[in-house]
């Protein structure tokens, strides 16, 4: 049975050109809609510079290129050359700077000033031109973890084109508290018109991108501790092009009894997650969630014809769902884990099926990190690697079958394992290596380094368990982290030296900072343009701009853009959710890999012709 085709966004070739010491590095997309035999001719200044079509990669080093050169690429199918792509001018360095309209700070009701810094971002094509726009969250300097009292500044959401053109700003208002657990924003084409929408939790006083107020503009539900434990809660879908509110419904589930969520002061009640999933296998649905320490509720919606229609509700308080309480993480993942072509929600140590029924619960409980992908390519299907917080549970680290919940192996820790990573970092071992560490980053001696089969290959694991990134030209994944001095983080990309058991820094740009304190997150990591390698975005020290860094390493490996992989693309959508986690692919990408399967997709909207 052929899988259903999934709705996907229209993308151009994403051609980029970067000046290097050896010449001009040129890179472009191989699309999920391309035939596997598609090859490419490259043009410089209107003249073809390739004698034969390039068939084995989608990058090229033009040793005769200059800083003033202009490039185009054309696909070649069955000997016939297609239209030329959009023109690409040469970057002088491997970075694109996106200027920002930094907002002014303010003063809280108790007289304390605050400023803003650029925080999490997502991307989507909000105008249908095949190029990504940036949706950015501004974080006030007084943003709070839920465990802490205090007023916060207002959360702002901006939209920019990648040339820095400011498009609109949404102000979530005084009745949305600032912090990693409060605002999770989904950027995705939810209705299939070829243009992405933005969906997130709102409240009385939220101002949309057109200046319209949602609810009661004068309402102020903050208590003396700066918390918001009463008043209406909403879910709003905004038009991507303008930031205009398209529809607003009551946020489900409502607060109910504070104690149901795990405490009596509003900490665990206000733990929100969000994701996008193809619950019918063809079109995306919005999934909004509340709670994971005890009560856990997920609600799925379809956005069609300008309205939100509820698809299902999963509530751990429902009879028969008791085993699903207290299993969620500070993040989630989305993938078809049971092979039926429809997505499931992997919610920490549990999973919810595409139809809103419980798929399984391992009972191992809450954790701070989780990775879902083809971690063990010798097995059929996907796996989940997770670290766990409850010292009384049998495992502090576990690897399970993503579809059944079967624990394949685990490691007893007897303590809260704070961070964990799964990535193919050593070509000597097929599949991912996995490890857990305790922040702020010890050497992993307490848990060790394991293969996906559970073989302990070293007492010493990498000290980094933050993000993994495909950066250089081989199939081994690098690690993305930062140097933390107690107040700020200096981002870096490192490569694992298995022979010497250490990390070696291969890229560390100046003038940029990491996000989210000790977590060291980028603004966003995603395959934004060029070939299949990933870009990474960090903020400048003063948050006056974002800097998008791309690799200039040549590679002979050729895959379709990761943004056309179903698991990876949805990973970009949920990356901003709470404790940011890196995206993974639906297939094993690493040493000894098989050729990735061609994704089953169709292009949404009016741009269904072959992209340029």
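Yeah, the Cβs are placed from backbone N, Cα and C, and that goes for glycine too.
The substrate site in Swiss-Prot is built from 119, 139, 154, 174, 222, 419, 516, 517, 518, 579 plus one of 192, 194, 205, 240, namely 205. Looking only at the binding-site residues 205, 381, 517, the densest Cβ neighbourhood within 10 Å occurs at 205. Cβ neighbour density within 10 Å is lowest for 193 among the binding-site residues 193, 376, 474, 535. The residues near the Ca(2+) 1 site, meaning same-chain residues not in 120, 576, 578, 580 whose C-beta sits within 8 angstroms of the mean position of the site's C-beta atoms, are 180, 184, 331, 516, 521, 575, 577, 579, in sequence order. Ranking the binding-site residues 154, 474, 527, 533 by Cα distance from residue 342 (Ca(2+) 5 binding site) puts 527 first. For residue 131 (Ca(2+) 2 binding site), the same-chain residues that are 6 or more apart in sequence and have a Cβ closer than 8 Å to its Cβ are 12, 14, 125, 161, 162. The closest partner of residue 127 (Ca(2+) 2 binding site) among the binding-site residues, by CA position, is 195; the full candidate set was 119, 195, 529, 576. Residue 517 (substrate binding site) falls within a helical segment according to DSSP.
The CA atom of residue 376 (Ca(2+) 7 binding site) is located 25 Å away from the CA atom of residue 531 (Ca(2+) 10 binding site).
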